[in-house]
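One structure below.
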Amino acid sequence: MPSNSTKILLLITLVSGMLVSVSSNSWIGAWMGLEVNLMSFIPLMSNIKNMYNTEASLKYFIVQVLASATLLFMVVMKTVTEDLFTLTNVGTPYTPMIVCTPLLLKSGAAPFHWWFPGVMEGLSWENCGLLMTIQSAAPMMLMSYLIEANPFMLSIILASTVVGAIGGLNQTSMRKILTYSSINHTGWMLMALITGDNMWVMYFMTYSVLVLTVLSVIKLSSMSFINQTMMANSEAKLMKFMMFTSLLSLGGLPPFLGFLPKWFIIQAMTMNKLMPMATMMVITSLITLYYYLKITYSSFMILATEPKWSSQSHKNKTTKNISAMILSSISLTGATLCTIIASTN
Ligand SMILES: *[C@@H]1O[C@H](CO)[C@@H](O)[C@H](O)[C@H]1NC(C)=O
C-alpha cells in the first residue's frame, strides 16, 4: 500500500493526467493524458495485504490498456481520411463511432461495462469514488468532440440505463449497486453531452457530490452489504436517515439534489426532439428507485433490530460524522435551494 506522501503524488499526477487530456488540442495529446492518468491510478489501487485489490488493479490495467491501445490505433486510422490528429470531425461518417468506442470502454458505458463490477468489488471506498467520478471525466470530455444523436450513441445510452436498472436489481453488495448506478449515470451523462457541454459539467459536478455523500455515509457505517443496514444501534438512526436520503437523491427523486440534473436533461431532451428516448430513460429510473427503496425499507421497517446497549463508543467518529452530515444535507436541500435562488432573480 502506498504511503501517504506517495498517495498525494499519485493523486496529483492522476488529476494532471486528466487535465492534460481534457485540455490538449490533438488526439495524441489526449491519449498521452489518459495514459498518465491510468499509470497513476494503478499503484493507488494496489495493496499487498489484500488479494482482491491486486486482482482489481490487474483487471483494470488490462482493460484500460486495451482501450488505450485501441484508441491510439483508431486515431492513427483516422489520419488516413482526415487531418493529422485534429480533434474536430470533418464529416467522415464512421469516425465518431470508431474513436468513441475505446473511450466508451474506458468510461464503462453499457455494452463495455463487464469489467466494472469486478474491479469495483476489490477496491476501497475512496478508490471506488475515484473510479466512478474523476476516472470517467477525461474520456467523456473527449467524446464530447465527436458525439451526436446518432443511432449508435442513442443505443449505447439506452443500453447503459437499462443495464444500470436491471443489473442492480438482485445485488446485495453496496459496491455492485453503486457500480450499476454509475453505469446508468454514464448513460445519462452521455445524453447530457449530446445536449451540450455545460449540461454535462453540471451533471458531473452534481453526480460527484452525490457519490461523495453516499460513500461517506457508507464508509462511516462500514456497510458493504445491504443486510448490514438492519443491525444498527441508536446512534446510527441519523446514519440510516442520511443513507436513505442520499440514496434516493442518487436515484433522482424530486425534492432532492439528484433530481436537478435529471430534470435539466429531460427538459433538454424534449427540446432536442428526443421524447421517446426520454420516456424510456425515465422508465428505467423507476426500476432503480425500486431497489434503492428496497435497501432502505428493511432498515427502517420490521426487520430492523435495535440493541439496548452497545459496548462500542462512537464518540471518535464525530468529525467524519460532521462531513457526512454536511454532504447529506447538501444532497437533501440542494435542489430546493437552487430553485429558490434561481426564481428570486
Ligand atoms: C439513473 O439516473 C437517473 C437520473 O439521475 C436516475 O433517475 C435513476 O434512478 C438512476 N438509476 C440508477 C441505477 O442509479
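Cβ coordinates come from backbone N, Cα and C, glycine included.
Feature list (source: TrEMBL):
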SIGNAL    1-24  signal peptide
DOMAIN    24-288  domain 'NADH:quinone oxidoreductase/Mrp antiporter transmembrane'
TRANSMEM  58-76  transmembrane segment
TRANSMEM  96-116  transmembrane segment
TRANSMEM  152-170  transmembrane segment
TRANSMEM  177-194  transmembrane segment
TRANSMEM  200-220  transmembrane segment
TRANSMEM  241-261  transmembrane segment
TRANSMEM  273-293  transmembrane segment
TRANSMEM  322-342  transmembrane segment
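Residues of the same chain lying 6 or more positions beyond the ends of the transmembrane segment (152-170) and with a Cβ under 8 Å from any Cβ of it are 96-97, 100, 104, 109-111, 113, 117, 176-177, 180-188, 190-191, 194, 274, 277, 280-281, 284-285, 287-288, 290-291. 58-76 is the stretch from 58-76, 177-194, 241-261, 273-293, 322-342 with the greatest number of Cβ pairs below 8 Å to the transmembrane segment (96-116). Contact between the transmembrane segment (241-261) and the transmembrane segment (322-342) is supported: at least 3 Cβ pairs lie under 8 Å, counting only residues 6 or more apart in sequence. Among the recorded stretches 58-76, 200-220, 273-293, the one sharing the largest number of Cβ pairs closer than 8 Å with the transmembrane segment (177-194) is 200-220. Same-chain neighbours of the signal peptide (1-24): 30-41, 43-44, 46-49, 130, 134, 137-138, 141-142, counting only residues six or more beyond its ends whose CB sits under 8 Å from a CB of the stretch.
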